[in-house]
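Annotated features in Swiss-Prot:
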type	residues	note
REGION	20-106	region 'Disordered'
COMPBIAS	23-39	compositional bias 'Polar residues'
COMPBIAS	44-56	compositional bias 'Basic residues'
MOTIF	45-49	motif 'Nuclear localization signal'
COMPBIAS	57-71	compositional bias 'Basic and acidic residues'
MOD_RES	Ser74	phosphoserine
COMPBIAS	81-90	compositional bias 'Basic and acidic residues'
REGION	125-230	region 'Disordered'
MOD_RES	Ser138	phosphoserine
COMPBIAS	144-162	compositional bias 'Basic residues'
MOTIF	154-158	motif 'Nuclear localization signal'
COMPBIAS	163-173	compositional bias 'Basic and acidic residues'
COMPBIAS	177-186	compositional bias 'Low complexity'
COMPBIAS	214-224	compositional bias 'Basic residues'
MOD_RES	Thr229	phosphothreonine
REGION	299-334	region 'Disordered'
COMPBIAS	299-308	compositional bias 'Basic residues'
Amino acid sequence: MASLLAKDAYLQSLAKKICSHSAPEQQARTRAGKTQGSETAGPPKKKRKKTQKKFRKREEKAAEHKAKSLGEKSPAASGARRPEAAKEEAAWASSSAGNPADGLATEPESVFALDVLRQRLHEKIQEARGQGSAKELSPAALEKRRRRKQERDRKKRKRKELRAKEKARKAEEATEAQEVVEATPEGACTEPREPPGLIFNKVEVSEDEPASKAQRRKEKRQRVKGNLTPLTGRNYRQLLERLQARQSRLDELRGQDEGKAQELEAKMKWTNLLYKAEGVKIRDDERLLQEALKRKEKRRAQRQRRWEKRTAGVVEKMQQRQDRRRQNLRRKKAARAERRLLRARKKGRILPQDLERAGLV
């Protein structure tokens with residue numbers, strides 16, 4: 001910003017110098033015209049006041065002072081612009097010297113020069129607000145700009161390559177899909193799809209809609225083999241009751257018909273074996289069920305005892321806090337009564353307690 005101010009001050013001072021150079025020549029021409037006319041014409045006219053010249057001198061002094069103050073801050077910028085300013089000054093001097101007879105046109109030319117210089121100054125300011133010219137940048141800044149440009153070009157090329165690859169892949173997929181559609185016969189689409197099977201390296205998922213609750217219940221009943229629900233789960237009491245009910249039914253059937261009882265028992269064993277082959281854990285051992293039930297009841301009793309102990313501890317702690325609170329309240333009440341009696345004794349009152357202690361009552 002200091003360099004811009006220095007340029008502005010220098011251009012303004014240059015324009016004022018050009019105007020001041022043209023002013024003496026104009027005055028000399030007017031003096032010559034007046035002397036020639038005075039010889040031929042009548043009495044001399046009054047001289048005009050040189051207010052314009054004084055105003056220009058004042059402006060020149062202010063501009064020089066401003067240029068000095070800014071030149072101390074940025075001497076390099078002002079020095080860099082000196083050759084161009086010298087050329088412009090020489091051009092304006094030659095133009096003013098080439099037309100000595102045209103005295104009336106010097107003032108508009110100076111105004112035009114100021115406009116041109118001001119326009120150039122605005123162009124420089126706009127250039128500095130932007131990226132700036134490459135001549136004024138340091139080598140490090142130029143190298144940084146070059147690297148940034150290379151990086152932008154590289155990213156642009158990479159994006160273009162990715163777009164081209166994506167486009168080629170989509171076109172290839174479209175052609176493959178078209179070939180598959182053309183290769184499949186029309187009757188193949190109407191055939192019902194077989195239920196998906198389990199392959200160890202591949203799992204096929206059917207596109208059927210999820211079954212409702214009633215459908216799932218029906219499928220579960222169909223999965224029950226031989227109308228025999230498997231004895232699974234961790235509700236040992238229920239499992240033991242079911243197992244005992246089966247044994248009682250077998251005993252009743254054995255009392256009626258031994259052959260049917262043996263057939264039913266064999267059917268139950270085969271059904272349990274089929275369930276076990278599928279990975280279902282069958283709990284059909286009465287001894288193990290009783291032991292598991294005892295362990296479960298024991299753990300439940302232990303949890304119940306721990307809970308009761310914890311509850312009793314909580315109640316005991318609450319009672320202790322209540323007793324401590326009541327004791328503190330009684331102590332505070334006794335202390336307040338003692339303080340009241342002490343204040344009464346200080347005032348000279350004779351209390352019944354004092355009479356009892358003295359044995360006067």
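Each Cβ is built from the backbone N, Cα and C atoms, and glycine gets one as well.
Keep in mind it's a predicted model, so treat the numbers as computed, not measured.
Same-chain neighbours of the compositional bias 'Basic residues' (144-162): 137, counting only residues six or more beyond its ends whose CB sits under 8 Å from a CB of the stretch.
Across the compositional bias 'Basic and acidic residues' (163-173), DSSP assigns 11 helix, 0 strand, 0 coil. Comparing local CB density within 10 A for the modified residues Ser138, Thr229, the maximum falls on Thr229. Note: the Cα of Ser138 (phosphoserine) and the Cα of Thr229 (phosphothreonine) are spaced 89 Å from each other.
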